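**Q** Pasting in a structure now, in structure tokens, and then I'll have a few things to ask.
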Amino acid sequence: MPAAMTRHPIREGVGRDLRGAWGFARAVPRRGSWARETAIQALKAGMAAVLAWFVAAHLLHLPQPYLAPWAALCMVRPTVRWSVLTGLRQVAAVALGVVVAVAATALMPGKELALAVCVPVAFLVSYWPRLDDQGQYVPFTALFMIAVDSVEEPFVLFRLVETALGAAIGMGVNLLVAPPIRVLTVDARARRDADGAAGLMRELAGRLRAGEADAGDESWSARVRRLEEHLSGTEGALQHARDGLRLNPRRSEAGIRNAVERAGRALEVNRRVVRAARALAEVLDDVRRDDTPDPSLDPGFRRDCAEMLETAADACERRVAALLGPEDEAEGPDLSAALDALEHRVDPTGGDLPTTEAQSALVMAVRRLVLAVGSG
């Protein structure tokens, strides 16, 4: 039994990976997709490596030309700015590794003692925050140079030249050949976020109309939490797109900067809607958890609340589509009038206090949702 249980998740994991690979391959032809941009970066990395090898091996005849394509490969990053920073950091890391190797060899009488000194020192230097992820090349360079007895002056110079050459070629290829800008990726993510939030609101509406506050096996708050995780990913993608404009020769192309800003406004709308959905989810989860009277006991209130949520879901999708696309936002129903009608259904006298409290909490959450869709 344990063996069968172990094979099952492995088989599912392999299946997910295969489906992901197939989805990636299908998305490559689609302009602006993450898969297409990644495939282009892969081709550019190959181009940079071949060019660096040709220059190092056949034009400059360097003794160890493989270091140049290695450095060039590492420079093809998702943004031009990141590529430039990576190049500067890698050259600095290699230079520090050379310094540590030369100093350890000069101070220690044998290779073993030199390694024993240089590796811990280089390892500590690699954690210098300014080197970021390129710090790993400090101990790598120091260890490599001592291990192959290349700490004499000509070899030291060659190491620096090979690294600088590869970094320069990699940065040049990333800068001049299809500089990466992943704007449409953010656009697609923002649309999916809006669809996810609208879908949750429609499901909430369906449950309310059916007289149920229960979300089923998963709480409403857990559903909202997944939306928040997707939003965090979109926020990271937006920041990535903004970073991609820095030092990028394509930043002046018509519409690119505006597209990034439109995506930012759409993300803000989605963020407000999801925050409002969280308030609504917490009310319904409290109704289920505390066994308080279900607001569905009032059929009229239940119907109006469901219609309000469905209207807000439509408005959310329209607003995000208008922010991301060239067309103006289509005119929708008057949300404020529908909200006023819903508020009038709450018992103003508080005759049935628990039910009134539950309905008032729902109305407050719906009001937040309406404001989120209609503001900004």
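Each Cβ is built from the backbone N, Cα and C atoms, and glycine gets one as well.
Note: TrEMBL annotation is automatic and uncurated.
Quick paste from TrEMBL:
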| type | residues | note |
| --- | --- | --- |
| TRANSMEM | 42-62 | transmembrane segment |
| DOMAIN | 52-171 | domain 'Integral membrane bound transporter' |
| TRANSMEM | 82-106 | transmembrane segment |
| TRANSMEM | 113-129 | transmembrane segment |
| TRANSMEM | 164-184 | transmembrane segment |
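Show me how these features fit into the shown structure, please.
**A** Secondary structure of the domain 'Integral membrane bound transporter' (52-171) per DSSP (helix as H, G, I; strand as E, B; remaining residues coil): 98 helix, 0 strand, 22 coil.
Using a Cβ-Cβ cut-off under 8 Å and counting only residues 6 or more beyond its ends in the same chain, the transmembrane segment (113-129) has close neighbours at 93, 96-97, 100-101, 103-105, 107, 135-139, 141-143, 146-147.
Sequence-remote contacts of a segment are chain residues at least 6 beyond its ends whose Cβ falls under 8 Å from one of its Cβ atoms, and for the transmembrane segment (164-184) they are 31-34, 37, 40-41, 44, 47-48, 51-52, 55-56, 60, 62, 67-80, 83-84, 86-88, 90-91, 237, 240-241, 244-245, 247-251, 256, 259-260, 263.
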